[in-house]
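Copied over from TrEMBL:
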BINDING   Cys78, Cys162, Cys163  Zn(2+) binding site
COMPBIAS  180-189  compositional bias 'Basic and acidic residues'
DOMAIN    24-176  domain 'Hcy-binding'
REGION    180-204  region 'Disordered'
Amino acid sequence: MEKKSIVGNFFFFLTNVSVQFFGYVEEAEWAIEALKGKGKPVACTLRIGPTGDDSGVSPGECAVRMAKAGADVVGLNCRFDVNTCLKTIKMMKNALEKEGLSPYLMVQPNGYLSPETEQTKNGWGILPEFPFALEPRQMTRFEVNHFVRAAFDLGVRYIGGCCGFEPHHIRAISEELSPERGGKLGEASKKHRPWGGAMKSDQSERAFMNGRDTREYWESVKPALGRPGFPDVQAKLFRQ
């Protein structure tokens, strides 16, 4: 069967059995084995980073065990940001290939950037800003574009988002992978033009726009926190 990408969660979950957010691969194996008798493909995700599951099992071994238990789709969701999830899913993919296993790969990271939690077990939950002051860490739609392209190039075909992902982020996933989906776009894409394209038609504000109607402009922007005296990345984690 040809592997195609499915954007977001909902269509996939309607046609398959999905279990997610496991901290221990052993629990994931039990769930996979229990669901294999339902007659539908089974997708299973863990909430882990590069350090592995809560008992110290490496991401690679977790992926292999999930695939051998019968999961048709293995992957990650929540707890960690896009960059950490990409690193972790690559570790899983490498281990699967070494064992000659080829389940589909799935990733649904957090929409909040938290690189300093990469080597922890609890991820974003130990950030000082968690859970009520996370907005400054939220990804831009353009950062989502970069994440999606990197995930697709890595071989991930079930791509979505977890906590912190908003509708415009999911729209960015759809738009970035439009070429791979035969040019198809979601309904929400009718309401705007990607990469600031709508600015091209507003001639009254040309001086203010200053080239902001191109993909090149938005790909080069590096968003700032905007709060004087605050670090870009927390030097000390809460409760650590």
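Using the three backbone atoms N, Cα and C, a Cβ is placed for every residue, glycine included.
For the binding-site residues Cys162, Cys163, the greatest number of Cβ atoms within 10 Å around a candidate Cβ is found at Cys162. A sphere of 10 angstroms centred on the C-beta of Cys78 (Zn(2+) binding site) encloses 21 other C-beta atoms. Surrounding the centroid of the Cβ atoms of Cys78, Cys162, Cys163, where the record places Zn(2+), the chain contributes additional residues within 8 Å, namely Asn77, Arg79, Gln108, Pro109, Asn110, Gly111, Gly161, Gly164, Phe165.
Here the region 'Disordered' (180-204) has long-range neighbours at 4-5, 7, 142, 152, 167-168, 171, 174, 212-215, 217-218, meaning same-chain residues at least 6 beyond its ends whose C-beta is under 8 angstroms from one of its own. When DSSP labels each residue, the region 'Disordered' (180-204) comes out as 17 helix, 0 strand, 8 coil, counted as helix, strand and coil in that order.
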